[in-house]
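Reading through the structure tokens given below for one structure.
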Amino acid sequence: MTKVLLGFMGVGKTTVSKHLSMHCKDMDAIIEAKIGMSIAAFFEQHGEIAFRTIENQVLKDLLFANDNSVIVTGGGVVVLQENRQLLRKNHQHNILLVASFETLYQRLKHDKKSQRPLFLKYSKEAFYEFYQQRMVFYEGLSDLVIRVDHRTPEEVANIIEGY
């Protein structure tokens, strides 16, 4: 069965996936290859709704492949109800990576390489509310929750591989 990594933006899903011996499929990388530009540029030019439509199709394709890989999702994959339904069908194989809000906020604030449109849009207080809303979805879909605040990516990868 395909495992799915879930978690808020900046939690380290892509970083952890680089330490897994299992075959990983990074949805953001797949989407960027498909659209021919960065996700940030696509958001700016076409908006979030257009992006979520593409994200939904990529998630469907990857889940239906059912090839025992690890799907590394983007932080907003839980926004669409259809995506949440797809993820519920993957029951017992959804893994949530969790970090404290302050850890995530500092990571995103200092990440000059990957400017995330939804992070740049909010004040810290509004971003916290956004974070709390998303966490409700993640927690409702997750079968294994891994706190990453005080773990290395290698340690997190070992937990995932043992699951």
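We count from 1, first residue shown onward.
Each Cβ is built from the backbone N, Cα and C atoms, and glycine gets one as well.
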From G10, G75, the one annotated by Swiss-Prot with D28, R52, R134 for substrate: G75
Intrachain C-beta neighbours of R151 (ATP binding site), sequence separation six or more, cut-off 8 angstroms: none
